[in-house]
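Student: Dropping the structure in here first, questions after.
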Amino acid sequence: MPIYPYNQRTALILDLKERYDHNMQEHFKNNEALSLEAFRDMDYTAIEKYQLPIELMMENAGLQLARIVTRNAREDSIICIGAGNGNNGGGGLVAARRLSGWGYQVYLDLPVEITKPLPKKQLQRALLFGAKQAVPDHTDIWVDAYLGFSQRLPLSREFTKAVQRANASGAKLIALDIPTGISSNTYQPRFLADQVLTLAAPKKILNVLPKSTEIFVADIGIPREMYEHYKIPSPDFSKHQIL
Ligand SMILES: NC(=O)C1=CN([C@@H]2O[C@H](COP(=O)(O)OP(=O)(O)OC[C@H]3O[C@@H](n4cnc5c(N)ncnc54)[C@H](O)[C@@H]3O)[C@@H](O)[C@H]2O)[C@@H](O)CC1
Ligand SMILES: [K+]
């Protein structure tokens, strides 16, 4: 996607926000969002029934995440991507690679060691593309790919610290799938996302976020039949991959 001049980028974001206002809030109101259990099951079915390897869906997720980051970025923006040792982190690391490949300055905040094979491979690739493993002094955009739908609360000390540092950074905060630490308990530390890019379908848990949080849904290639199975409307990704 080309890097738009500031005004055009703002128009793009407003266009997305408008679609969110009309679409996503309706989904929540009509109870058409997925529970995290249903989303986990959708994920499993995509892998088993439709032969979609997780790496392929992760590539789609990371590309959409990178695209939403560029909509908030200038050419010289400093981008910090926080990644954990799971598939949420893997998606963040794909975004780090794509953004580095497009010429952005990308830093990686890794609160825990990345040891699982797929996230580890994504980390190697991101580093080869020029992402740096360090937290910069100043950050314009901070991405939360620390933890996704397998997160348990309370957060460990490492993730609590990471989330608090991101929240205090003054950066634009963008979460992948669901914010780390999300819960209806407002005392629980969580990543205070300005934007959430959730995968495949709106999630019920996002309903606890303040109305000011913009929620977008990204296409990761799930077939229409699966939305019918879960009795939720299939987002029309045919013209836009982020709604
Ligand atoms: N089709 C899909 O559903 C896809 C899902 N993807 C991503 O995969 C995510 C789920 O990935 P995973 O199941 O690997 O798990 P997560 O990435 O959510 O979590 C990773 C690991 O962190 C550890 N952890 C959990 N809670 C913790 C805590 N409180 N403190 C410290 N460590 C903790 C656990 O060992 C967990 O397995 C989704 O949210 C989504 O972002 C995409 O990457 C690919 C496609
Ligand atoms: K996240």
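Cβ coordinates come from backbone N, Cα and C, glycine included.
Since the structure is predicted, the reported quantities are computational estimates derived from the model, not experimental observations.
This is the feature table in TrEMBL:
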{"type": "BINDING", "residues": "ASN87, ASN88, GLY89, GLY90, GLY91, GLY148, PHE149, SER150, GLN151, ARG152, LEU153, PRO154, ASP177", "note": "(6S)-NADPHX binding site"}
{"type": "BINDING", "residues": "ASN88, ASP144, THR180", "note": "K(+) binding site"}
{"type": "DOMAIN", "residues": "39-228", "note": "domain 'YjeF N-terminal'"}
Student: Taking the centroid of the Cβ atoms of ASN88, ASP144, THR180 as the K(+) site, which other residues of that chain lie with their Cβ within 8 Å of it, listed in sequence order?
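Tutor: Other same-chain residues with Cβ inside the cutoff are GLY82, GLY84, GLY89, GLY92, ALA145, TYR146, LEU147, GLY148, GLN151, ALA175, LEU176, ASP177, ILE178, PRO179, PHE191.
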Student: Please report the Cα separation of LEU153 ((6S)-NADPHX binding site) and ASP144 (K(+) binding site) in Å, rounded to an integer.
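Tutor: A Cα-Cα distance of 16 Å.
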Student: List the binding-site residues GLY89, ASP144, THR180 whose Cβ sits under 6 Å from any atom of ligand 2, in sequence order.
Tutor: ASP144, THR180
Student: Looking only at C-alpha atoms, tell me how far PHE149 ((6S)-NADPHX binding site) is from ASN88 (K(+) binding site), rounded to the nearest Å.
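Tutor: Per the Cα atoms, PHE149 ((6S)-NADPHX binding site) and ASN88 (K(+) binding site) stand 8 Å apart.
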Student: Got a sec? Which of ASN88, PHE149, THR180, the binding-site residues, have CB under 6 Å of any ligand 1 atom?
Tutor: ASN88, PHE149
Student: I'm trying to understand the geometry here, so how far is the Cα atom of GLY91 ((6S)-NADPHX binding site) from the Cα atom of THR180 (K(+) binding site), in Å to the nearest whole number?
Tutor: 14
Student: Which whole-number value in Å describes the distance between the Cα atoms of GLY89 ((6S)-NADPHX binding site) and ASP144 (K(+) binding site)?
Tutor: 8
Student: Please report the distance from the Cα of THR180 (K(+) binding site) to the Cα of GLN151 ((6S)-NADPHX binding site), rounded to the nearest angstrom.
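Tutor: Spelling it out, the Cα of THR180 (K(+) binding site) and the Cα of GLN151 ((6S)-NADPHX binding site) are 7 Å apart.
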Student: Tell me, in order along the sequence, which binding-site residues from ASN87, GLN151, ASP177 have their CA within 10 Å of ASP144 (K(+) binding site).
Tutor: ASP177
Student: For the domain 'YjeF N-terminal' (39-228), would you mind checking the mean pLDDT of the predicted model?
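Tutor: The answer is 95, the mean pLDDT of the model over that range.
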Student: Between ASP177 ((6S)-NADPHX binding site) and ASN88 (K(+) binding site), find the distance joining the two CA atoms and give it rounded to the nearest Å.
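Tutor: Distance (Cα to Cα, whole Å): 8 Å.
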Student: Please report the number of other Cβ atoms within 10 Å of the Cβ of GLY91 ((6S)-NADPHX binding site).
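Tutor: Result for GLY91 ((6S)-NADPHX binding site): 33 other Cβ atoms within 10 Å.
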Student: Sort out the sequence-distant neighbours of ASN88 (K(+) binding site) for me: same chain, 6+ apart, CB within less than 8 Å of its CB, listed by position.
Tutor: ALA145, TYR146, LEU147, GLY148, PHE149, SER150, LEU176, ASP177
